[in-house]
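I have placed the structure first, in the form of structure tokens, so that the comments after it can refer back to it.
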Amino acid sequence: MSGYDNRDDYRHSSSSSHHRSRNSKHDSSSSSYRSHGYAPTRRRSRSPSSYHSSSRSHRDHTTDPYPNGSGHDRRHDRDRNRERDRRDHDSPIEAAPSPDGRRFHVEGAPRQGGRRRWDEGAPTPPTAAAPVHVSDPTRSSLNTQLPSRPIVAPPGMAPGPPPSLPSSTPIVPSTGISISPEEQAKLAKKARLEAWRKEQAAKKALEEARQRARSIASAVAPSSQRTESFSSSSTPQTAPTSINAAGLRTLSLRTDPSRTTAQNRSRTMMDDASESSKRIHLSRLGDLPPLDPSIDTAHIATTSVDAEDDDHQLGVAPPTQGSSAAAMDVDDDDEEEDPLDAFMLTVKSQVAQVNDDDRRKASASGGHERTQAKSKAVVLGRDDSDGEAEDQYEELDELDRVGMATEDLLALAAKKVKKKDLVTVDHSAIDYEPFNKAFYHPPAEIQDMSEELANQIRLEMDAITVRGRDCPKPLTKWSHCGLPASCLDVIKRLGYSAPTPIQSQAMPAIMSGRDIIGVAKTGSGKTMAFLLPMFRHIKDQRPVEPSEGPVGIIMTPTRELAVQIYREMRPFIKALGLRAACVYGGAPISEQIAEMKKTADIVVATPGRLIDLLTANSGRVTNLYRVTYLVLDEADRMFDMGFEPQVMKILNNIRPDRQTVLFSATFPKQMESLARKVLKNKPLEITVGGRSVVAAEIEQIVEVRSEDTKFHRLLEILGELYNREKDARTLIFVDRQEAADDLLKDLIRKGYVTMSLHGGKDQVDRDETISDFKAGNVPIVTATSVAARGLDVKQLKLVINYDVPNHMEDYVHRAGRTGRAGQKGTCITFITPEQDRYARDIIAALKASAAHVPPELEAMAASFKEKLAAGKAKAAGSGFGGKGLDRFELDREKTLKAQKSAYGEADDDAKAAAAGDSSEDKAKTGAPPGASSSEDQLSKIQGMKIEIMQGAAPESVRDNKTLSASQEASAAAAAAAAARSKAEPEQELKEAAQLKAQEAALEAAKAHGADTTKLAAVLENIRRQANARKEAAKNSELDKHKDRKARDPDATDYHAIVPINDFPQRARWRVTNKETMRHLIESTGASITNKGVFYKEGTEPQPGEPPKLQLLIESNTKSMVEDAVREIQRLLVEATQAVLEAEARNPGTTGRYTVV
């Protein structure tokens, strides 16, 4: 034979070996071959006696026919040929013909001329053949447990079934090589270790899925990585269901079921490659739930092919049945002890102890520990594992009730949509960084100033009044502030010549570390009064690092005010090297999250969006850990526009020793006590020119006129203004958004370029409106009171209150949009005779600013006072007092009504009206009021409950048909009989108690010497009748069950029906799509079948038609049905929540696509 031919033979045999090794990854014969010194790639001499004899001796050349060193290659090829012979000997299949026409076959089998078909078995190897090579014990043990599987063979190869081995223990064939006792002991140890591992993996997969696994893991080791080991196995043989058991075994999930909250109580285990790969990186697991000694490992089938492949990739031998695992401490390769195995050997007692302690605590406290765990403080953004555990507890508590109605699930989904709660922080448990907030060192000229001179300066500066002790003296120059030079340069470049009155008194107080309430008229420089001390405060601290929150926070009630503050601070932060972010609702939150992740020293925000960012991604976007300087601008409106609960949530999560600053142009008395709750550090109240006063530079005009004359008067005023001054700006206030848009249309028809500004417009439109208004492109803007706060527009000469403001503070802020920074302006207010209840507030504002009060207005106020005294009118509200909370409640009620209406449930008003009509009808007929309506409502709610029924599903449900009236009556009778059967145990208990009482009476009579023969006979008769009745009932139930089993072999012991017809389309699709159904079946072990068809709202199925869309859940175990129902409820809630969120983001869109 030539060397070229021999190499061809080797290449072919190597290819055949490659095919076999890919189809059976556990074929470790090559590694066993190398372990005995037969590696063909090592070029070294070997003793011929160490090899077993080959049947093809004509290939064993002992001489080197090639001179010049080629004999070494020839010996190398010979070794390869011998390896190929060994593999052919071990393989049960017949190899393909080689390039030279020879065919390899099973040793000892007769050669056949034709090819064997796939359905033909391979011939049995002879018992007395050539010495068999020693195979790897792992391979032998595998053959004893793994089911046979088809081998993917190359073309021309027809495999037969593998030879069966009679024993489940590793069999070492007789060979010419003797195995030492140490190696035999090692093989036996290895087999036992593999069997023990398989048993432990099966128990762990079953036990870890129980409901207590999460609580133990979170309580004992909340930060450790939870691992779940899933292995594919067959389900135990139980009563058949409507889904073929063999088909279920073929299903295999390749996804991670970590989000599944249902307990995997079934014995169906999943093979998860991702979870298996995690095992090799763990050195220690958290405390596990108790191991159930009742699990019978004999029912657990052998591992699947996929499990073999995963174990082979991990370097772990597949499990093998063996004896006890007492001494299982041998590793596969180097005999070192596996840390995981060592831990598993000692974990049983620890797990049992932990489980007993936890069960004892739960029974003693009744769940008090969970309440304490929820109330524990967690720093926002620092450790989110506890927060996730609390969310899981809440979700389990809400979804743990199997019998939830459809409206309950929808309410739960709506609740989750709005759920944006901040975790309450226990500040005593947090070690905050110390910070300095007292930077003010007055210069000599201020320090030497006497108290009388300081009071005189305050009086000259618009009559500054201060409430509080030890207030610093007012400053008169920018150089007195101690600001950085770069900051003073920006002040000089902006043209700020001297501090305004509020700045003169507020800045030294803030820089001394005091909390203040600053009240000053509009346009008096309040923004700079809190911005400049903030810059000095932030520069004194270390820079903000990634994943840290801001140092200073400014909260405003409106988006426009937040944008304006951000624009005013930009020249300063650029010069000082600081970063700031402006976040508000209406803008995409993704962009704002990106800005926050870049770190920001200062955040200007509206309260709602700030809470969104604090709760986004479990608090990982930003946090309040480093906040030491807090500003509430327009503080009175912060506690009035519905922000009070949101503001308090944020404030309660900021460190208590922070510095808090409140500013506003108006601050009513009723808001003072509410605001003082947030001031901690010796607060001061600084008021400039009165609490609610319009600036003296603003001319105030009030006109009393009817509604139909207001628009013509408006056109007259605009004509006079723009004839006199073309570049002037005009801001017109109305009370409603619709009124702003209507007035906009009327002015455009008259030829005036106008735009509207209110909360119903998109944020982009609002920003463009303000930009065009400031630039002069649009001279007139109609707006609601959303533009009354903080809007600063140059050349704004005229403000018109087209609709009168409803309280004095709103009037002051509206008028304050003009006359900014000492300029002149005009405010004209229209009031109708029907709005006389607002006349008193307007008069108070006019008198406070020493403006002229029209006689008509005074007469109107006097007339209203008389009506009020006579009880014919009601006084107007002050505009404050937390009306936003009521508005939130109204919004929630409206949302709930909309949901009930969408899903066919009447709202409370409709129910009340129906109940009233029903009561009237019953009053005529003599029926008790409210009886029928209550019964109808109760039956409707009970009909929507998801109840776990004992026994097989009704035939009408299985046949997918709606019952007729007579059939429903018979079904109701059967249900009543079932209810009576349920009540029988109680009756039996009563009879038993009566029987015991009679026996006691009998014994007492005997003790007194009475004749008890007749009484004893009566008692015996009663006892005999009771036993006969019990036996008859038992036999009847058995007969019914046998009869049903005979007619329907798929009948189960428990079933439940989940109606899904009334849920949104996405929710229905979520629970009925193929992947979800397969996952539910495998994770819960119950049979789930889709029944019925979809009916639109108001449509009911007729008798004989399919029922409404529903899911039929069946199983022989009640816990499996409960798990399936609970998981379906969770999916329905999540899908409905997603629908509600989508509708909230894109209201009014009904198509599949939205316009970006």
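Cβ atoms are placed via backbone N, Cα and C, with glycine included.
Per Swiss-Prot, these features apply:
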- A520, K521, T522, G523, S524, G525, K526, T527: ATP binding site (BINDING)
- 1-12: compositional bias 'Basic and acidic residues' (COMPBIAS)
- 71-92: compositional bias 'Basic and acidic residues' (COMPBIAS)
- 137-147: compositional bias 'Polar residues' (COMPBIAS)
- 152-165: compositional bias 'Pro residues' (COMPBIAS)
- 166-175: compositional bias 'Low complexity' (COMPBIAS)
- 222-242: compositional bias 'Low complexity' (COMPBIAS)
- 252-267: compositional bias 'Polar residues' (COMPBIAS)
- 356-372: compositional bias 'Basic and acidic residues' (COMPBIAS)
- 697-861: domain 'Helicase C-terminal' (DOMAIN)
- 1-177: region 'Disordered' (REGION)
- 216-337: region 'Disordered' (REGION)
- 351-390: region 'Disordered' (REGION)
- 900-937: region 'Disordered' (REGION)
- 1028-1049: region 'Disordered' (REGION)
- 476-504: motif 'Q motif' (MOTIF)
- 633-636: motif 'DEAD box' (MOTIF)
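Taken as a whole, the motif 'DEAD box' (633-636) shows an average pLDDT of 82 in this prediction.
Each residue in the motif 'DEAD box' (633-636) gets a DSSP state, and the totals come to 2 helix, 1 strand, 1 coil. Through the fold, the motif 'Q motif' (476-504) approaches residues 439-443, 446, 457, 461-462, 464, 511, 518, 520, 524-526, 528-529, 532, 535-536, 539, 571-572, 575-576, 686, 688-689 of its own chain, all at least 6 residues removed from its boundaries and within a Cβ separation under 8 Å. Taking the centre of the Cβ atoms of A520, K521, T522, G523, S524, G525, K526, T527 as the ATP site, the nearby residues of that chain (Cβ within 8 Å, site residues left out) are T500, I502, A665. Listed as Cβ neighbours of the motif 'DEAD box' (633-636) (distance under 8 Å, sequence separation of 6 or more from its ends, same chain) are residues 517, 526-527, 530, 554-558, 561, 565, 662-668, 671, 675, 789-790, 809, 880. The Cβ of G525 has fewer other Cβ atoms within 10 Å than any other of the binding-site residues G523, G525. Cβ neighbours within 10 Å of K521 (ATP binding site), excluding its own Cβ and spanning all shown chains: 27.
Residues within less than 8 Å, Cβ to Cβ, of K526 (ATP binding site) and separated from it by at least 6 positions along the same chain comprise I502, A506, G518, A520, D633, F663, S664, A665. Comparing the binding-site residues T522, S524, T527 on other C-beta atoms within 10 angstroms of each C-beta gives the minimum for T527. The Cβ neighbour count for A520 (ATP binding site), using a 10 Å radius over every protein chain in view, is 29. Sorting each residue of the motif 'Q motif' (476-504) by its DSSP state yields 18 helix, 0 strand, 11 coil. DSSP assigns K521 (ATP binding site) to coil in the three-state reduction, outside any helix or strand.
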